[in-house]
Amino acid sequence: MFKHTLGAAALSLLFNSNAVQASPVPETSPATGHLFKRVAQISPQYPMFTVPLPIPPVKQPRLTVTNPVNGQEIWYYEVEIKPFTHQVYPDLGSADLVGYDGMSPGPTFQVPRGVETVVRFINNAEAPNSVHLHGSFSRAAFDGWAEDITEPGSFKDYYYPNRQSARTLWYHDHAMHITAENAYRGQAGLYMLTDPAEDALNLPSGYGEFDIPMILTSKQYTANGNLVTTNGELNSFWGDVIHVNGQPWPFKNVEPRKYRFRFLDAAVSRSFGLYFADTDAIDTRLPFKVIASDSGLLEHPADTSLLYISMAERYEVVFDFSDYAGKTIELRNLGGSIGGIGTDTDYDNTDKVMRFVVADDTTQPDTSVVPANLRDVPFPSPTTNTPRQFRFGRTGPTWTINGVAFADVQNRLLANVPVGTVERWELINAGNGWTHPIHIHLVDFKVISRTSGNNARTVMPYESGLKDVVWLGRRETVVVEAHYAPFPGVYMFHCHNLIHEDHDMMAAFNATVLPDYGYNATVFVDPMEELWQARPYELGEFQAQSGQFSVQAVTERIQTMAEYRPYAAADE
């Protein structure tokens, strides 16, 4: 019924390209003299723990559209990407930001499992953008391919399946060579999937009340209160001012009861070693439970007093304040370059994150629990096949994977993986002067092993669930195992240090299918498929909700998209 626009030459490249295995490549290692040293803060001093923790608002759909194929609802949203200013320092000038709906972080999506969504991202900013719903098994055309940009004055409709189990996803910019600056200035937000199975566990709940988003970033400011740009940075942008939900070093009033915290490291380059401490004994780490990681709940809670989290990782923890009534608890960040695992520069105050002021009593009894059994995690079937090897390093000034940069269009496709295949990938960081959080699009993976490393760190107990990002510390090798399903297409994998990503530490893999796969596959294989490209718009039409933004036009557009059945394979 529908024709694809993928040319013969492109099809040949996708289905016949040979994977490039890891081989020795020239590497230049930066000096490591800064490790384990604390240096003076460069940004102006900020009055810590004086501003309450902000909670991003919940995004509401503009309308619902009936799917003509199955009769189910599709929720339609509009998000305007636009510049705005924000008074960060109370006694200095404002900072120039660009955010989703003119806020940073962007609004939080809360979507029930099984409800498809179409989100129209409208670029009313000055720079191109591309949006990645991180952790979703979106079709390639809606996955935020780095070159699939939306220019200013255009919009793109992203169609999301929301078929996965409950989990904390996030959406952020992914535009070629400008992801760091776009995300740094505000283009990031949470996208939460919910489902009845998780709700039935009776974990601490109530968004913004006892279920708290915690989006971590690290920035740097000029003497007048504006942001220092990331442009021109080639190694890492650490930042010396820690933010939670866009606010430097906030505080939160809490009750002496259990709270669920959804941590996301949305920083450009900074990783964290998070722990809770009583201000009466600041060097003593308090126990808490990790209940979920990138791809949803663990099988069992993991008890710990220290949580390593790198860029793009998500962890959900439950901390019980009931033993600390009337006290002050701080969330802290481990110094010494995160215990020697990281290479981050420690500034005067980057060991502090935020403060919790615990009330003397609860307003109502705490009936929430943390069950010993959270769920049966759908791990991929084990494989004994030889792992593919991918070496993350540096070739001259360029960050590369197996010596290949993303700008090398002819060679950046490093793997062809038949849909439905389980594979092990060996991720290698031979460098001593950098670390790499590695994100593989489309899939959830199991962390099988972690070896070598300067600290002999193994797989942490809270890494026992499914993930989509794994942190490669200095000189570490990590093996991950994933089921490459449910969709064919060309997808990215890359380092999520956004400076490294922007400077080409990114590659592609092709989840392949036979030509007679049996349903409308090829129209979604190419992430640059013309059918789904961004479209120009008139600002007046958007503001008046007319033309392409009228209810009739939006309904027709979404129903046409649904007729292609982009997510039919997930139901088979």
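Here the Cβ of each residue, glycine as well, is placed from N, Cα and C on the backbone.
Predicted, not measured: the structure shown is a model, and the values here were computed from it.
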Residue from HIS134, HIS441, HIS483 that Swiss-Prot also lists as binding Cu cation 2 with HIS172, HIS496: HIS134
Of the candidates HIS300, HIS436, the one that Swiss-Prot places in the Cu cation 4 site of CYS495, HIS500, MET505: HIS436
Recorded positions near HIS436 (Cu cation 4 binding site), in sequence order, restricted to HIS132, HIS172, HIS496, ASN510 and a 10 Å Cα cut-off: HIS496
Fewest other Cβ within 10 angstroms of its own Cβ, chosen from the binding-site residues HIS132, HIS134, HIS439: HIS439
Spatially closest candidate among HIS134, HIS439, HIS441, the listed binding-site residues, to CYS495 (Cu cation 4 binding site) (Cα to Cα): HIS439
Integer Å distance between the CA atoms belonging to HIS132 (Cu cation 1 binding site) and HIS494 (Cu cation 3 binding site): 13
The domain 'Plastocyanin-like 1' (98-194), counted residue by residue under DSSP: helix, strand, coil: 9 helix, 44 strand, 44 coil
Euclidean distance between Cα atoms of HIS439 (Cu cation 1 binding site) and HIS500 (Cu cation 4 binding site), Å: 12
Residues flanking the Cu cation 2 site, with Cβ no more than 8 Å from the Cβ centroid of HIS134, HIS172, HIS496 and excluding those residues themselves: HIS132, TRP170, HIS174, ALA183, ALA188, ALA266, MET311, ALA312, HIS439
